[in-house]
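S.K.: Before anything else, here's the structure in question.
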Amino acid sequence: MFGFFKRNKKQPEAPLEQSPETNATETEAHEAPASGELSTQTGNAQEKDASAEQPIAEADSAVDQDAPVTALSDDKPSAPGLEHPAEEAPQEAPVPSDPVTPDTVITPEPVMETPKADAPPKKEKVGFFGRIKQGLGRTRANLSEGLASLFLGKKQIDDDLLEDIETQLLIADIGVEATSEIIDRLTERVSRKQLTDAQALYEALQEELRTMLEPSNKPLVIGEQTTPYVILMVGVNGVGKTTTIGKLAKKFQSEGKSVMLAAGDTFRAAAVEQLQVWGERNSVPVIAQHTGADSASVIFDAIQAAQARNIDVLIADTAGRLQNKSNLMEELKKVTRVMKKLDGAAPHETMLVVDAGTGQNALSQASLFDEAVGLTGITLTKLDGTAKGGIVFALAQQMQIPIRFIGVGEQVDDLRPFDADQFTKALFDKNEG
């Protein structure tokens with residue numbers, strides 16, 4: 001490119017003080033008819049070349065004029081750039097001191113801030129009763145709402161109404177025996193003229209259901225004089241024993257008690273890991289051995305460790321087993337025998353964990369586990385995921401074993417102590433929320 005300039009500079013340059021009139025005179029000698037037009041173009045080319053404001057379109061029109069461009073190239077070194085605008089335009093145009101104002105000025109529109117939606121109000125913490133009511137939503141819809149529909153528009157009590165009530169109780173999985181007992185009591189009260197209208201019958205039904213739960217309305221109390229207080233958890237596969245243990249550990253910790261866990265489910269490797277996760281989460285020590293180890297040996301070591309560390313509560317996990325497998329039930333008996341070698345009163349609580357969704361099969365589980373190891377308490381899990389919560393009444397009526405806890409959700413605080421009065425009210429409460 002620099003060689004290009006050198007070739008053009010061989011001819012003597014025109015004096016810088018040469019006026020536009022002189023250039024016009026020389027141009028007239030070459031081509032007189034275009035003198036006026038060339039003068040105008042020459043003057044404009046010099047002005048625009050100095051200020052770098054000549055549009056590219058005008059530079060292209062100047063290149064089309066052959067003779068004037070030649071004359072201008074001799075006078076000013078910038079003229080050759082007009083013959084090659086694509087190459088020289090970026091170099092010839094100096095950076096203007098003031099930015100070139102474009103023909104169309106686009107003024108950015110002010111950005112309108114999208115009004116932020118009001119943050120949703122924080123949900124108030126649901127109380128004890130409210131959380132139970134939420135967890136029993138499906139059972140309530142199946143039982144209480146179904147019963148309430150039977151009494152709409154009813155003023156008199158007749159056999160058809162009693163039969164419909166019986167059907168609704170069976171649908172809610174309350175069970176044949178419990179349902180028959182309730183209907184017999186209601187029929188007797190009607191015959192005695194104690195119940196004169198449908199509304200009185202509806203209230204009496206709620207009362208009978210609550211009364212049926214009374215034998216199982218016994219909360220778990222940890223004896224202060226017993227250290228450690230040993231809780232043995234039993235149940236079939238998949239009912240949530242290990243998760244319940246973790247929630248119980250958190251509950252006892254919140255009450256100021258020291259807790260230790262024993263990983264007695266040695267058949268399932270994931271059970272040991274799951275229990276250890278709960279232990280790490282709650283800063284609770286976990287006594288465990290390798291997969292396949294003897295469950296009784298693990299729990300024996302755990303009791304020794306709990307006694308040495310003066311632990312308040314020891315919760316022992318066991319492998320899930322079907323209630324009809326006699327060899328597995330015998331293993332549970334062995335575990336309890338080994339416990340008694342270290343503490344004659346252990347286990348102080350033998351708790352059966354039952355999935356509420358199993359329905360009437362829960363009665364079979366409770367009966368056979370009670371026969372094998374002697375149950376002292378029951379925990380019903382997953383009540384929030386089933387419409388068969390009526391099994392609570394069947395267990396209370398037939399087994400009369402204390403129902404210690406009910407699970408109404410997945411959160412740690414969703415394991416609630418069982419209260420017969422609160423449970424019945426939550427089922428039949430008509431208020432929203």
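Here the Cβ of each residue, glycine as well, is placed from N, Cα and C on the backbone.
Any TrEMBL annotation is an automated prediction that lacks curation.
Here the structure is a predicted model, which means the values were calculated and not measured.
Annotated GTP binding site per TrEMBL: 235-242, 317-321, 381-384, in sequence order. Sequence annotations record features per position, and here TrEMBL assigns compositional bias 'Low complexity' to 91-111. The feature domain 'SRP54-type proteins GTP-binding' is assigned by TrEMBL to 402-415. Residues annotated as region 'Disordered' in TrEMBL: 1-123.
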S.K.: Go ahead and report the DSSP secondary structure tallies for the domain 'SRP54-type proteins GTP-binding' (402-415): helix first, then strand, then coil.
M.R.: 3 helix, 6 strand, 5 coil
S.K.: Pick the one among the binding-site residues GLY235, GLY238, LYS241, ARG321, LEU383 whose Cβ has the fewest other Cβ atoms within 10 Å in this structure.
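M.R.: Comparing Cβ neighbours within 10 Å for the binding-site residues GLY235, GLY238, LYS241, ARG321, LEU383, GLY238 has the fewest.
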S.K.: How would DSSP class LEU383 (GTP binding site) in three states?
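M.R.: Where LEU383 (GTP binding site) sits, the three-state DSSP reduction gives helix.
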S.K.: In sequence order, which residues at least six apart in the same chain have a CB under 8 Å from the CB of THR318 (GTP binding site)?
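M.R.: Same-chain residues close to THR318 (GTP binding site) (Cβ under 8 Å, separated by 6 or more) are LEU232, MET233, VAL234, LYS241, GLY264, ASP265, SER295, LEU332, VAL335.
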